[in-house]
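Engineer: These came from TrEMBL, pasted as-is:
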type: COMPBIAS; residues: 1-30; note: compositional bias 'Pro residues'
type: COMPBIAS; residues: 321-331; note: compositional bias 'Basic and acidic residues'
type: REGION; residues: 1-42; note: region 'Disordered'
type: REGION; residues: 321-342; note: region 'Disordered'
type: TRANSMEM; residues: 196-215; note: transmembrane segment
type: TRANSMEM; residues: 221-239; note: transmembrane segment
type: TRANSMEM; residues: 251-275; note: transmembrane segment
type: TRANSMEM; residues: 281-301; note: transmembrane segment
type: TRANSMEM; residues: 395-416; note: transmembrane segment
type: TRANSMEM; residues: 423-443; note: transmembrane segment
């Protein structure tokens, strides 16, 4: 008996997959980890380069970068002592009490309410009151404060020659500006260490030339050069100090460096009382800088690792790797084995800096605040003689300004991390403006009470 045929057609077998289509993957055992590609190693960072020096070496280098500030204060803060003008009058023959009133004319004061006094630049002709003439035999100075012999008393920079004093002050400020611009640019191009050694050498050379100056024009030129070289040393050490620090320690280290400068300014006044001569005072500041030329000995003060990292100095970077291989076995230093390719290193030209709105805005804001603060500081130093009132007050105003600077460093250390940079900057600028207005008001009140 046969079964009836099914009305449904029998299914045909499935065709094989075309050769162009990939077959489904078959499960397989996992690939061993050794066959996986290694993740790319991270490039060395500035923090890793600093750590390669070791904590002990890092602290020692920071200390070496702070120590020169003690002597730089002698060169950068001595202008008020060098140009301090003491009461003076024409040199007269005979005992002063007997001939002083009879030989010097009386001059009225330049300000309202100022009764005047004996002339400092004129004398009677031949001791008679028939006429007056300029001082022919020089001047006698009543030095009661500051240096007994400074550039004013040694070269008689009073009366007709007094214009040389503001010229010297302006040339000193221009020298600092020139040093910051020129040697600051060299520090970025040539390296921190080379610029530091060059600035130190120039500071010692020009410091000696300033001390042996025999005439005001030569002194002014050498003073300009000394200010530029000293500013180069200060700026290069400041940059190197920050590059040697971890970000969390930069404020503390900067405060310690600032307090060291304050200590140098206090020592400056002490040495001024001891030496009583401007040549010995400047020599005390310039001579010790020659000792810091030993920073050029290999291994004493290495180049800034952050500058090496950004300047493609691979040969110098290898020295940090060798240092790690010799005495360190820390996993954090394995990043030093990798090196950035030249195409990935950051380059920033001056046109790019100008067209970067954020960087340019910060430069303008910080530059303007620095300009105002330094300008007010120098103006206060120049007009100190107008508000002191009595002769011995120079020491009081000098100590007050120096101690106020030290207090400002301590205040910054206590508030910047808590209140932020911009808030403290705004507060400091506001207090500076208010202090300037109060100072001008006190001067006007003093004149009003004298009327």
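Just so you know, glycine gets a Cβ as well, placed from its N, Cα and C.
All TrEMBL annotations are machine predictions without curation.
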Engineer: Between the stretches 196-215, 221-239, 251-275, 395-416, 423-443, which one has more Cβ pairs under 8 Å with the transmembrane segment (281-301) than any other?
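Structural biologist: Ranked by Cβ pairs under 8 Å, first place goes to 196-215.
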Engineer: Counting only CB pairs under 8 A, let me know which of 196-215, 251-275, 395-416, 423-443 has the most with the transmembrane segment (221-239).
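Structural biologist: Looking only at 196-215, 251-275, 395-416, 423-443, the most contacts with the transmembrane segment (221-239) come from 196-215.
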Engineer: By Cβ distance under 8 Å, which residues at least 6 away from the ends of the transmembrane segment (251-275) in the same chain are close to it?
Structural biologist: 62, 65-67, 69-74, 77-78, 81, 146-147, 237-238, 241-242, 245, 281, 284-285, 395, 398-399, 402-403, 405-406, 409-410, 412-413, 416-417
Engineer: Do any residues, 6 or more residues outside the transmembrane segment (395-416), come within under 8 Å Cβ-to-Cβ of it, and if so which ones?
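Structural biologist: Distal contacts: 80, 145, 251-252, 255, 258-259, 262, 265-266, 269, 380, 384, 388, 424, 428.
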